[in-house]
Amino acid sequence: MKRDLWAGVQSGSGLRQGREALYAMLDQAAVTAGIPPSAMIRLLDSPTPELLNRLFTAARSQRERHFGTRVYLYGTLNISTHCRQRCSFCYFRKTNRLARRYRQPLPQVVDQARCLAASGVHLINLTGGEDPFFFDDGLHGFDPLVEMVRAVSTDTGLPVMISMGVLPGAVMPRLHAAGAVWYACYQETYNRQRFGQLRVGQDFDQRYQSKMTARQNGLLVEDGVLCGAGETSRDLLDAFTAMARLGASQVRATTFVPLVGTPMHDEAPSSSLRTSIAIALLRITYPDLLIAAPLDWGGMADLRDHLNAGANVVAGLVTPGSDAGELPMVRSEQRTMEGIACTLRGCGLAPASADTYRDRVLRHSPIETRKVSGEVFS
């Protein structure tokens, strides 16, 4: 039925017929989930207010069907701003002399984790760059990270996420045994040529394989895409398929922001609307996935838009007064539980209970292979 509806749009049988066909698809997606890839590209390339309204309505309907009106809240601790990599979009790339570098000691990390836990977050994300302190001393170099995970997990009783680049496979079972539940590693794009331009000097397959290895060692995986950094709409759809094939339990779409001290600082800023569309398409295509709305860049306006597009995880919460890595545009007071409360209420959402999140994490078994509306792109 969906292919028949879309045929009128592709054949040029009339603008009105095509528009009505797409409206019908989106209205149906609110109930059954999924639309054809060609319709997704139309939404990404030529959105109109009415199309967006129906898309976001369908996405919210699918979120409520699978998760109700409760959202999950992730606290973030930036344990190190040192990095050995030269990602062209990242403020903390190795060669950016404008970035303030620090490495937090264990007692400070545990204290901050305790404060985040007391504020009501559901998870602690230990994040940082590929710090040579850990990465350049063989497997023993990760001993302090394993101990940090164990201390945070034991002290807070919360699940721990590790987001520190491409970790060696041999260290993953140790992290899992210490209390890590999630491994976050963002490919950003599944276009190999574009990957080489964004993640300069890095191995596409090694990064992907690290996530497969994490899953094999009992960790849940988060993957993500960067929107507005030169990708095509087809690139985004290919990434959606690849993340699903990976078996990611959580996905995210973030907005490219040109940052000082990076090779891409002169690029035009991207509209967060494209990110909202990507989030909504992910929601109606894979309605049971956790989808994150990071608080790294656009503040409350972007958070509201991304929640209204179907996200159900607020990521990047910090303790009051923390510097959050001193990214140039971040206002840390917005990234607290108190700071997001009004936005959540305005979206008709509320924090889930800790037990609800634990039950969701422990029960969640990612599907091995998912398809975009019946098609897997080659």
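Even glycines carry a Cβ here, placed using N, Cα and C.
Taken verbatim from TrEMBL:
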- 65-294: domain 'Radical SAM core' (DOMAIN)
- CYS83, CYS87, CYS90: [4Fe-4S] cluster binding site (BINDING)
- PHE89, GLU188, ARG199, ARG207: S-adenosyl-L-methionine binding site (BINDING)
- SER163, TYR186, ARG252: (3R)-3-methyl-D-ornithine binding site (BINDING)
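Recorded features from TrEMBL, shown on the structure.
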residue : record                                 : CB count, 10 Å
CYS83   : [4Fe-4S] cluster binding site          : 24
CYS87   : [4Fe-4S] cluster binding site          : 22
PHE89   : S-adenosyl-L-methionine binding site   : 22
CYS90   : [4Fe-4S] cluster binding site          : 21
SER163  : (3R)-3-methyl-D-ornithine binding site : 20
TYR186  : (3R)-3-methyl-D-ornithine binding site : 19
GLU188  : S-adenosyl-L-methionine binding site   : 23
ARG199  : S-adenosyl-L-methionine binding site   : 23
ARG207  : S-adenosyl-L-methionine binding site   : 18
ARG252  : (3R)-3-methyl-D-ornithine binding site : 26
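Of the chain residues outside the (3R)-3-methyl-D-ornithine site list SER163, TYR186, ARG252, ALA184, CYS185, GLU222, ASP223, GLY224, THR254, ALA292, PRO294 have their Cβ within 8 Å of the site's Cβ mean position. Taking PHE89, ARG207, ARG252 as the binding-site residues under consideration, the smallest Cα distance to CYS83 ([4Fe-4S] cluster binding site) is found for PHE89.
Note: the CA-CA distance between ARG207 (S-adenosyl-L-methionine binding site) and TYR186 ((3R)-3-methyl-D-ornithine binding site) rounds to 8 Å.
Distances between the Cα of CYS87 ([4Fe-4S] cluster binding site) and those of the binding-site residues SER163, TYR186, ARG199, ARG252 are shortest for ARG199. For the pair SER163 ((3R)-3-methyl-D-ornithine binding site) and CYS90 ([4Fe-4S] cluster binding site), the Cα-Cα distance reads 14 Å. The Cβ centroid of PHE89, GLU188, ARG199, ARG207 marks the S-adenosyl-L-methionine site; residues of that chain outside this set whose Cβ lies within 8 Å of it are CYS87, TYR186, GLN187, THR189, PHE195, LEU198, GLN202, LEU226, given in sequence order. For the pair ARG199 (S-adenosyl-L-methionine binding site) and CYS90 ([4Fe-4S] cluster binding site), the C-alpha distance works out to 9 angstrom.
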